[in-house]
Structures are given as structure tokens and as C-alpha cells.
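Q: This is the structure, below, for whatever I ask next.
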């Protein structure tokens, strides 16, 4: 029962109306018997610092950070984990003993979760998009030992910055979505991962669209695994299209749960819940 002593954890982003995190996190908090609730708070770019400073002064125990704040929030944190610092992208914060924000990134572990048993070592992959989520995905693909990682984006400046971020750790190929070479890569890819918001179910985005338009996908073959980080709607228009082509498809739900478990552990100093607790809550809701 919520009381005057109840603390909260919040999801900060814009938009957040589509988020399923409150469903699964509140199920987990109830499972653990903690006097905590999880809420979603819409936050515009210009309000981010004000919101984070305000939350320091009330019963906030931690935050999830989502689009479009994963990179900007770096400057507002006093402690940053090695993985978050490397990726320059943050999705989880907690208040430390000095009432300052400590930050980490649980997206890499979440992203890998559905791929662990698919034997993708030495395979070819494409990442669509060049924002904060793409950084986590690329790190995950490096961890899985894929041989080729190509990044396709419509934003040249963020694409160049993304490739620079990984330096000499792996040879990344960057292309604009209008480049003819993209069709060759799509035809040969073993795995394609969408990190763009195209297809997300919100008032801000149309959910019946595909990343870069349907003609961009004309060379997709049935042997390719298509992984869309979007989890609402599930399946997305992209995954429906890919399934009709005969592709194996993966939506963002397993990643959402897996990263959520790691975030919860970060907020609670090591407590964990079984995967099924969050997953069952989502399935019941959906």
C-alpha cells in the first residue's frame, strides 16, 4: 500500500506514454516486498536538469532514462560506470550517499539476452540508427564476437561520432540510408537490428511505418534475423514484414525485461527477481 513513507523510481523520457516499464517494475517491487513504486514521467530536453535536481530533494531512489536523454544526462552525473562512460549513453541512475547521481547502462546486457543461444560469432550484422541505443547494441555485438558490424543512419554527424566512439576496437562501416551499398549489406546480413523509433506506438511517431521506408527493405532475405528494439506495438510493422519474408524475428520485450532486472539490481544494491516475474506481468497486461 502506498503511504507517506513510500519512495519511487521514475522513467524519464519523451515520450513515455508507450512504456511498459511501470507494469513489469511494479510487479517486481511487489514481489520483493519493497515500499517502492515505479512511475513514468514525461520530460522535455530543456527540463532534464531541473527534473533531476528536483528528484534529489524528494523520495526518489532511482531513474531509468530513455529517448532522447540517454546521452545528455551524462553531464548531470557525478559517478559513471565504465560501460556507460565508454558508450556515452546512460539508462539507469541512482542517488548515492552524497545525494548525487550514480549512473550505469544495462542496455548491453538486455540486448544480448535473446541472442545468447543463436551462435552469431563471425556473422555479419547491420545496426539501424546512430543514437544512444545504437551504442549499446554495437557493444553487445562486439561482446558476441560478430565479424562485421555496419551502421546505417540518416544523420551523418551522429553516424560519424558513433564510429569515432568505438575507435580501433572494431572496424565499423557507416553508411547513410540513401547509399546504394546499403542494399548489398541487407542482402548479405545475418542479423539486422533496428534502434530507431520508427514504428513505435506513441502520439509522436506513426506506428505503421518501417525504418527508412518499405523500399529500403527490398533486398531482405529469409535467412536474416530481424531484431527490433521496439516493444510496443509487438510485433512492429517491420517485424510483420520480415516474418512474411520468412525471417526469424525478435521484438524488444525480452531486452526490456533483461535490462529491467539489471536496473532493479542497481537501485537495490544487488536484489534480483526471476525473469518470469517481470515477463509474466507484461504478458498478462498485453
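A Cβ is built for glycine as well, from the same backbone N, Cα and C atoms used for every other residue.
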Q: In Swiss-Prot, the residues 129, 130, 131, 132, 133, 229 are said to bind NADP(+). Which of 110, 199, 246, 252 is said to bind at that same site?
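A: Checking 110, 199, 246, 252 against Swiss-Prot: the NADP(+) site match is 252.
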Q: Given that Swiss-Prot assigns 19, 20, 21, 66, 107, 231 to the shikimate site, pick the one from 85, 91, 208 that the record assigns to that site as well.
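A: It is 91, as the record lists it for that site.
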Q: How long is the line from the C-alpha of residue 131 (NADP(+) binding site) to the C-alpha of residue 231 (shikimate binding site), rounded to the nearest angstrom?
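A: Residue 231 (shikimate binding site) has its Cα 18 Å from the Cα of residue 131 (NADP(+) binding site).
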Q: On a C-alpha basis, identify the one among 129, 130, 133, 229, 252 that is nearest to residue 66 (shikimate binding site); the candidates are the binding-site residues.
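A: Looking at Cα distances from residue 66 (shikimate binding site), the smallest one goes to 133.
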Q: Find the longest CA to CA distance in the recorded shikimate-binding set 19, 20, 21, 66, 91, 107, 231; express it in Å as a whole number.
A: 16
